[in-house]
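Notes for the one structure printed next.
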Protein chains: 2
Amino acid sequence: MEIKGFQFSAVEAAIKKPGRLDLALIFSETPAAVAAVYTTNKVKAAPVLIDQERTQSGVCQAIVVNSGNANACTGPRGMDDALETTRLVAEGLGIPDETVLVSSTGVIGVPLPMERLRAGIRPLVDGLSGGTLEDVSRAIMTTDTFPKLETRCGMAGGKEYTIAGIAKGAGMIMPNMATMLAFIVTDAAVEPEWLRTAFAVGIERSFNAITVDGDTSTNDSAILLANGAAGNTPLNGAADGAADFVRLLDEVLLSLAKLIVRDGEGATKFVEVTVRGARSDADAKRAAMAVANSCLVKTAFFGQDANWGRIFAAVGYSGADVEQERAELFFDDVPMVKNGVFAGGDAEARGSEVLRKKDFSVVIDLHLGGGTATVYTSDLSYDYVKINADYRT
Amino acid sequence: MEIKGFQFSAVEAAIKKPGRLDLALIFSETPAAVAAVYTTNKVKAAPVLIDQERTQSGVCQAIVVNSGNANACTGPRGMDDALETTRLVAEGLGIPDETVLVSSTGVIGVPLPMERLRAGIRPLVDGLSGGTLEDVSRAIMTTDTFPKLETRCGMAGGKEYTIAGIAKGAGMIMPNMATMLAFIVTDAAVEPEWLRTAFAVGIERSFNAITVDGDTSTNDSAILLANGAAGNTPLNGAADGAADFVRLLDEVLLSLAKLIVRDGEGATKFVEVTVRGARSDADAKRAAMAVANSCLVKTAFFGQDANWGRIFAAVGYSGADVEQERAELFFDDVPMVKNGVFAGGDAEARGSEVLRKKDFSVVIDLHLGGGTATVYTSDLSYDYVKINADYRT
């Protein structure tokens, strides 16, 4: 798969255990319009601080990313290390330093092994001729069990373009950029201002609508580069093909977000939680997120227990407006609760059957208004505990 | 142990599995001053709705409580069942219906087995002569592994009094009354208004400062009865012995709260999380609670992994003001982080040693102001998942 005007590379720099790609590069042959969303965590890793400043210009040309070390809580040294990394990449590529972004993911609080990282930059730049985006998607994995890559093709002004994205999860997944990296590249030409809006809206419905454990991280970044190599007239809200571009971008983002949930640490279930009939969309999202984040709800999912009471309790403490005697709850299309009480009949048996599936949905109708939201979550299993209890050892 | 003017009873009503006490009664021979705090969950169980109204009078005489069934999300029928329960108890005791409170804990969404509960009321009332508060503490257990009972004795105006409290956990423990029941009785005479204030303040520092899984429930209630049988002049803020009473009440509340954390579902660690140097006490509590509730932090505790980075990340997303380059972090008295970065030296080794203990503390100093807060939490273990995945089966 080719995305015009982009080159990719990934190498083993021995930041992770030997034998695994851990340093990668995305390079646009020409300066590209950039849109980005970063963690809302007040403790931000050095690379996030650098990228936040650099993306303000609206133009970037390269992203260098390592896994195995988050370069977070590393103080002034961490900042120096991140800046040196971008400088070495800029020199290798012959582009201005300020157009190089940097991302890191992995253990917090340990300085980057700069000697090994430095040694990796030259082969990384040299490898651009032969690498693929799929290589990059592998290089950014931490506890991910599979690489995450999505592509869509579209037409704008008679020109064919591609949108391709990669992402990594898998723990610390929560709205507002949890430990999550996502890089999306497109050869479509897009007006920078409009690109930022389209990206922000898409993120809200995708990466900000998933949760694995309610923890947000210090490093999350979602970055989109659009280099215009497809040759179309730059897209904006009024342009032919704009709606299509937004739809395809949303598809890429949502597909990647869902893959992250599927690959949630220890996940055995993929659950879509929809709240409708809320007083507002914000209320709906609050309620849906409370359900999706509840340890008690998620362990019940793991136990395949149709314990709708815990779901109700989570809605109740979410802060959303609730009148319990109006609320309805469904597992897939099985009504479990009507007017706030158990639906009776064979609901228990049928509900339990739904919970035995690997993928199912929980729908809560509050019957109070028109607010609605859908979020995606996993269950909480023994393996979540195992993975996170042993992470650094 | 006797608390003057109080009688207790507990029976097997077959609401839980056979062979376990599940219906209990606390009776004050004379009307008692009452103070109470209930769940902030918007989905409230029927008994909570009834008690909220009845405690407004400031006077109550009995509390009937069952385990095995929460009588939550049970609609109008649940309300009828709870009201009938208090009526039967009031008839048996020969006191006004409105002075009887009712509490329930257990599975949500299943109607109370009223036939068995009704049959249990007569033996319950008859048993008052022979029962103890310890019996009641056993009857309110659900997934608790041990009963929780604390007593203190004090003097006021030359009269000796006792404060005795019982509580049950163990999952769904979170501030603002998670699934937690606590009943405190004292024979001290206390002015109702002042009793309410003292109780509210004590609750904030104890039951509202513990968390097991961040879930708040539909049924939480903490109720204090003071019947004055000790014969002292009623206590108020100006009275001799008032400060002592507050101190002893706080001790009972905090001891019970800590017992709940120790008995947290699957808990293998007891962790005290203190945040100091915050901009405000509220900020400090926000940050401490974010740490205490983080699944990633709690699994690291379980894994005995001195992963301070996750703790920092949790502080960062808590909403509290943070300047990472100022923050310090200690495990017990071992400095792990200075000026936002790893303290170096033998900190890793010494920190890991602390984490291997069953009880330890995490102290975060934000160096921004005088705000401070301490909360108590457990780790997140395989057994938490096991207990909650299998709860209803």
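One is the number of the first residue shown, and numbering goes on along the chain from there.
Just so it is clear, glycine is given a Cβ too, placed from its N, Cα and C backbone atoms.
Not measured: the values here are computed from a predicted model.
Listed features, source TrEMBL:
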- A:THR142, A:LYS168, A:THR179, A:GLU265, A:ASN388, A:THR393: substrate binding site (BINDING)
- A:THR179: active site, nucleophile (ACT_SITE)
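Taking the Cβ of A:THR142 (substrate binding site) as centre and 10 Å as the limit, one finds 22 other Cβ atoms among all the protein chains shown.
Taken residue by residue with DSSP, A:THR142 (substrate binding site) is part of neither helix nor strand, so it is coil. The DSSP secondary structure for A:GLU265 (substrate binding site) is coil.
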